[in-house]
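Following: one structure in structure tokens, then a few remarks.
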Amino acid sequence: MFQLLSFLLSGEATAVERIITDACPVYAPFFGAMGVTAALVFTVMGAAYGTAKASVGISNMGVMKPDLVIKAFIPVIFAGVIAIYGLIICVILVGGIKPNANYTLMKSFTDLGAGLTVGLCGLAAGMAIGIVGDSGVRAFGQQPKLYVIMMLILIFSEALGLYGLIIGILLSSVSDTYCPGQALVPLNSGNVIGKN
């Protein structure tokens, strides 16, 4: 703050512009958009893997016991919820990206971190749901008493994605929208004036 004040008093508009550009660069929204992209891409990859892997087990089990297919469909639903976590954080992050307003580098990096957190946790959860769903459904087809155990393991696998969503929401709520000198307007002569 003292550095900004000394530049203001000296009238060096280029130095003030450099400080403003360092805090709120024009490329800051790129990192926020990458967070949105990472969240959706990774969670959808996890959901797709979980759905595909669990569906193979359901198909194999359904050949022998078609009456249990509806009950065995739960892992596919759990895998689909992972993609919804990614969609939730994407909507939150997109609402905070402001390319023409004050969007600091710190805020853009926390948005990127939020997107990566949700996305990678969703990818891991989707993989776990797929593997557990495939093996669990096959075991459930052989021994119906294993249904409760399969459900418990699926719930704990789903919780991995939920942990990522919670941390992603906390990261996205970081509110650093102050750009130094945001109320300053450089004049053509190189002088700097105060508030508009």
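Residue positions begin at 1 at the first shown residue.
Just so it is clear, glycine is given a Cβ too, placed from its N, Cα and C backbone atoms.
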Same membrane side for Cys24 and Leu105 per Swiss-Prot: yes
Same-chain residue ranges lying at least 6 outside the topological domain 'Cytoplasmic' (47-72) that approach it to Cβ under 8 Å: 78-83, 86, 122-123, 125-131, 133-138, 140-141, 144, 147
Cβ neighbour count within 10 Å of Glu158 (site 'Essential for proton translocation'): 22
